[in-house]
Structure formats: structure tokens, C-alpha cells
Amino acid sequence: MVLNENDKEFVKKLFDSLDKDNNGKLTREEIKEGFFKLRIPSSEKDIESFLTNVDKDKDGSVSFKEFEDFTIENIKKLKIVFEELDTNKSGTLDIHEIEESIKKLNIPLYSEQELIRLFHRIDKNRDNQIDFNEWRELLVLLPNSNLQLIISFWKDSQILDAGFDNGGFIPPMVEKKEKASSLRNTITYMLAGSVAGFASRTSTAPLERVKIMCQLNHGKPISLISAFKACYKDGGIKGFFRGNLANIIKVSPESAVKFGTYEYVKKLFAENDCELTSAQRFISGSVAGVVSHTTLFPLEVVRLRLSAEIAGTYNGIFDCFKKIAISEKSIRPFYRGLGASITATIPHSGVNMMVYEFLKHKVIKMTGNEFPTAGQLLVCASTSSVCGQLVGYPFHVVKSRLITQGSSVNQEKYTGLFDGLTKIIKKEGPIGLYKGIVPSFMKSIPSHSITFIVYEGFKKAFDVNLKEKKHH
């Protein structure tokens, strides 16, 4: 393979940059310092290995001729590897070609963010294409130029961006540190979920109240304007926020449990996030939804009762708990509708998380950015919210009626989920199962958008993705 003048000029400039005293020879110290700056492993063992391969006359230093022979031979090998990776023969490598090569070599990647960091490690001018000059600059001094070693070094060399340990790679974390990091990440997920839940529910509380009023209406569907007027008449501005405190008390820990569980279940399927299938994301989302919803379901009952009843029926959360318990002399009313709720949560939460993550990862790959923008997250969250609601909404309607049955706003009696579905369809038609879905969309789309934007923002602020990438 013929080298061009550009390659020879590159070798001369590289040698001169390492030869600090300009005496035409590279000492062990100059090589070590140069490797350190180039972010190449530079432990004593690495330097010794380099000298063994390059210092042919064994005088303890590297002349320009020795350096030139070694690097030119490496450049020839690098060109062969580059052409092997360049499957579309464009003369450059794009992120999809790199991803396919990594998959073929079975080298693990934690996430799309790691793939993009890896790509940008070489793509210095950020044009989303790696030309041979960029490829050569990072890899020319590797002692071996086979594809497996190149990709592994390229991937692992990202660790050097965070610092060095005695001039070499940072050693692997011991198990205790990995566990501590995993615990910190779990706490971060839960904190992010909690704050996201608080922010989203408070900002959309009026729409939640209107949605519940529509769900509990047994007659002809009422218009949004009529529902808003009824809410305002029953308590003024405060009427729109009735039940919101119970909602916050419920949703903040519920969101914390949901996101913490979701990330945990994903890890059971695969250490690397980008290896997960859509089915595995669906299962992770469903399990997270069921665990979080079941854990705090009594608060869901109180929230719905506070939102549904007329002003003055209950004097706050604890009074609502007390009156519900006294009226039926058991804890059963606090779990009435749980079956319908779980039935609704499985497809709703599963589809929601599956679609959201699918779209988010697509955006990351398409844009080449490590993190989607707030606008892009809004589109992902909105789409996933609509998909989740379409499959789970009828069960939410039945759940709301099961929870509030026997109250002043819902005198109808249901024995369970199937009975509820049957009676609603019989008396109100199939449209009865979708009563309140318009205000539900109006509430859930901004609510989910706020939730995911805050959640992803927290993860980014605490650098969770990068931390996990280092430990996996």
C-alpha cells in the first residue's frame, strides 16, 4: 500500500512534537510525556513495550528512522482497517458504520451516549464523519493494529478523558466502589423521578380535576367548557387544585419508585442500555408501573375521592382517610379498583416507556448529540403519552368508577373490572370507556413532557450515564 506525502509529513510533525530537546532522538521520558498528552496508555509497562517494538538498535532511545519505520508500517495497517470499516466506500466513516463494527466484534456499549462519545473521540471537527487523517491521529502509535484491539482501545481510551492514574489507564473499580456508584445512581433516579412527578402534577392539576369529572359523568359526554365551569363553581380557583396535595404526596414517591424500579429491571435484562429490545423495555415499564402503583394505591383512592366529591365533603387528606375507613369499617375501599388499575398500568406504563425510549434513542442516533434537546424530549414524551393512553384509558375509567362508587358523585355499583366494562358499554356505549380522554390528553401530554424533561435533566446534571458507562 502506497503512502502519500501527507502521511510522511504527519510522521515528521508527530516526531518533532515528541522530541522536546530537538536532538533527533526520543528518550523514555519524552515518549512517556508524549503518550500522556496524546491520551495513550503510558505506564512503565506500556513504554517498555513500545521501546521493544521500535528501538531496534537497543540504545534506550528512538531515532527518527526507527520511529518512521514503525509509524509508516502502522499507517499501512490502519488504512486496511479503515477501508474494512468503510462499508459504503465513501472515504469516511459515519456513526452507523462504527456501530455495526462494534456489534460484529461483540464489544459492549452501555448506551447511545457512549457510542457518540466514542465517535467524537476521533471526529475532531464534529462534521459527523471520520476521515482517515482523524483516524490516523489517534491510533498511529498503537503497538498492534488489528481491528479488535483498535476498537477496544478506542472505546476504553475515553476513560482517559476523566484523568490518569500514574500515567496509565484508570484501574477497574473494586466491587465495593461499583456497588456504591450503583446505589448513588439509583438514588439519583429516584430523586429525579420524585422531583419530576411533583413538577408535572402540580402544573397540570386543573386538567386532572376536569378529567376526573368527565370520567365520573354517567350521562351524555359534557364539553370541556362545561367541565371547567363546574370546577370553578365548586370552589373557585382552588377548586381546580382540590386533591392535588394528595396527588403530590402520592405521585412524588410513586414516580421515585417507578423510575428506580424501571432502571433496575432494565439492568436485569442487560448491563448495556442499548442492547435492550423493545419487548424488554415494555416489560421493564410495566413492572415499574405495577410496583409503584400498587405500593401507593391507597393515596390514589384518597386523591380521586378528594377530586370527585363536592367541596366540604372532606376536610383534607387525613379526614378523607378516616371517613372512608369508618364508612366501610375495613381497608377494602382503599384497594377497590386495584385490579383495574394494574390492568390499565401494564399496557399504559409498558407502552409509554417503550415508545419514549425507542424515540429518544432514535433521536440520539439521528442527531449525533449525546443528549436530546428539551424540544426533542417533548416530542418523544408526547408521542409515548398518547400511545400509552390509547391502550390503557378504558381501564382507567373503570378504575375511577370503582374507587368512587357509593359516593355522592357515583351511585353506580360494580363488582369488578369486567362488570364495570360491561355495564359502561351497555349503558353508555363504547364511547363511555373514553370519557374524559380529551382533557386527559391535554393533561398527560404536558405532564409526561415535564416529567421526562426534568428526569433527563437530573440524570444529565448528575452525569449518571457517564458514571454508569465507566462502571460497565
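Cβ coordinates are placed from backbone N, Cα and C, and glycine is handled just like the others.
Taken straight from Swiss-Prot:
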type	residues	note
TOPO_DOM	1-189	topological domain 'Mitochondrial intermembrane'
BINDING	ASP19, ASP21, ASN23, LYS25, GLU30	Ca(2+) 1 binding site
BINDING	ASP55, ASP57, ASP59, SER61, GLU66	Ca(2+) 2 binding site
BINDING	ASP86, ASN88, SER90, THR92, GLU97	Ca(2+) 3 binding site
BINDING	ASP123, ASN125, ASP127, GLN129, GLU134	Ca(2+) 4 binding site
TOPO_DOM	208-242	topological domain 'Mitochondrial matrix'
TOPO_DOM	264-281	topological domain 'Mitochondrial intermembrane'
REPEAT	276-362	repeat 'Solcar 2'
TOPO_DOM	303-330	topological domain 'Mitochondrial matrix'
TOPO_DOM	352-377	topological domain 'Mitochondrial intermembrane'
REPEAT	375-461	repeat 'Solcar 3'
TOPO_DOM	399-441	topological domain 'Mitochondrial matrix'
TOPO_DOM	463-472	topological domain 'Mitochondrial intermembrane'
Is any of the binding-site residues ASP19, GLU30, GLU97, ASP127, GLN129, GLU134 within 10 Å of ASP55 (Ca(2+) 2 binding site) (Cα-Cα), and if so, which, in sequence order? none
Listed in sequence order, the binding-site residues within 10 angstroms (C-alpha to C-alpha) of GLN129 (Ca(2+) 4 binding site) out of ASP21, SER61, GLU66, ASN88, THR92 are THR92
Shell list (Ca(2+) 3; ref centroid = CB of ASP86, ASN88, SER90, THR92, GLU97; cutoff 8 A): LEU85, THR87, LYS89, GLY91, LEU93, ASP94, GLN129
Let me know how many other Cβ atoms fall within 10 Å of the Cβ of ASP86 (Ca(2+) 3 binding site). 17
Segment-level pLDDT (mean, integer) for the topological domain 'Mitochondrial matrix' (399-441): 80
Tell me which of the binding-site residues GLU30, ASN88, SER90, ASP127 ends up closest to SER61 (Ca(2+) 2 binding site) in space, Cα to Cα. GLU30
Are there any residues in the same chain, six or more apart in sequence, whose C-beta is under 8 angstroms from the C-beta of ASP123 (Ca(2+) 4 binding site), and if so which? GLN129, ILE130, GLU134
Return the count of C-beta atoms lying within 10 angstroms of the C-beta of ASN88 (Ca(2+) 3 binding site), excluding that atom itself. 10
